[in-house]
Amino acid sequence: MDADLKNLWDKTLDIIKSELSEVSFNTWIKSCEPLSISSNTLKISVPNSFTQDILDKRYKDLVANSIKAVCSKLYTIEFIIMSEIYEKEEIKSSSNQKSKAIVVNDEMSSTLNPKYTFNSFVIGNSNRFAHAASLAVAESPAKAYNPLFIYGGVGLGKTHLMHAIGHYILDGNPNAKVVYVSSEKFTNELINAIKDDKNEEFRNKYRNVDILLIDDIQFIAGKERTQEEFFHTFNALHDANKQIILSSDRPPKEIPTLEDRLRSRFEWGLIADIQVPDFETRMAILKKKADVENLNVANEVMGYIATKIKSNIRELEGALIRIIAYSSLTNREVTVDLATEALKDIISKKQGKHVTIDLIQDVVSSYFNLRVEDLKSQRRTRNVAYPRQIAMYLSRKLTDMSLPKIGEEFGGRDHTTVIHAYEKISENLKTDDSLQSTVNDITKKLTQN
């Protein structure tokens, strides 16, 4: 750093310190470094996008006015994320080298998130198997498990692993044709191809790749033309010994309205699940996030978050950021008491009534003046069958139980019966106002304390 620039910045910091609380200064300003100064602009590095956003919204004028107080000139302040600087330097230094090919051509512009690598993935008991399977596929594409099918709830790391596979393969072979796409984008591109009479172009795009990663594959269920097209794409790639990686929120056998021929192909390779992280993994995730974002958070605060937020990684990390922001806005240190205040609304929602299949059966049978035994019986009269279907629908929506387990709890029924009930109620809800009211009433009884 230029000596004059350092001197200017040190004097500026003294002024800013006098204007802010110690907590706010340490949280938002201390980690900043001046990069360069021109005739009108001062560029300042910041550790992450969250800090950049806060500085832009709340502290830019303070920084500009503090600098003006030192040198009698008003500069335009530009906050730049440090990682972006490194990326630009790496691109510049390797400009004569062959750049990473993460797409087949410009039209297929699918981006792998640079943050989602194996190195940044936190391994725990809940995801160890899925991580090991993903790494095995990345090390030996189309030789280990093909396809690899990763499933689990929202925000548990499925997308992270898929991007990590793509990065790992490209690091070893920059010329590999790696394509990552959501099932929604795949469907939309197919629709456009049909509309514009470009079917052949669409097929060439997805069948001439080395690695195809499709996220949230469950959303092609019910879309006949998309399933037809993907069936042939799958066959073409598999026959050519190309790697296919799919993710979903549930295993293939539990995806309703998925064609059997696709279901069987999804089960050809390896199916790996990701569960909700345990306490130790949640703590490790929070510590990793704090390190990456350059946040100073005590272990007891992270322990509090890990104890209260158990559902998924996104909510865990979101809770940490919320606490840091709350600390800055209230000019208070990050403590367990402050964390309790910052998360009280979130936690109160999380601590609502725990919904189980037994509870659903009790509430539904009471609502329709039936006995729980009726819902479990083999009776098929409408006054019993329809409430039973509603109870199965709610069991699928409000619990984490698998379809076979739900069927078992309703008199030992097959999982296909549960799928039928779920699909029927889902479809009827679109047009039946009375059913909507019934389901809403029962849901309130189930979820409210």
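Each Cβ is built from the backbone N, Cα and C atoms, and glycine gets one as well.
Bear in mind that the values here come from a model prediction, so they are computed numbers and not experimental data.
The ATP binding site feature in Swiss-Prot is assigned to Gly155, Gly157, Lys158, Thr159; the stated evidence is sequence analysis. What Swiss-Prot records for 1-73 is region 'Domain I, interacts with DnaA modulators', and it gives sequence analysis as the kind of evidence. Marked as region 'Domain II' by Swiss-Prot on the basis of sequence analysis: 73-110. Residues or ranges marked as region 'Domain III, AAA+ region' by Swiss-Prot: 111-327. Residues annotated as region 'Domain IV, binds dsDNA' in Swiss-Prot: 328-449.
Taking a C-beta cut-off of under 8 angstroms and a sequence separation of 6 or more, Gly155 (ATP binding site) has the following same-chain neighbours: Ser311, Asn312, Ile313, Arg314, Glu315. Other residues of the same chain near the ATP site, with their Cβ within 8 Å of the Cβ centroid of Gly155, Gly157, Lys158, Thr159, are Gly152, Val154, Leu156, His160, Leu161, Ser247, Ile274, Asn312, Ile313.
Ranking the binding-site residues Gly157, Lys158 by the number of CB atoms within 10 A of their own CB puts Gly157 at the top. Under DSSP, Lys158 (ATP binding site) is assigned to a helix (H, G or I) in the three-state scheme.
For Thr159 (ATP binding site), the Cβ neighbour count at a 10 Å cut-off comes to 18, with all displayed protein chains included.
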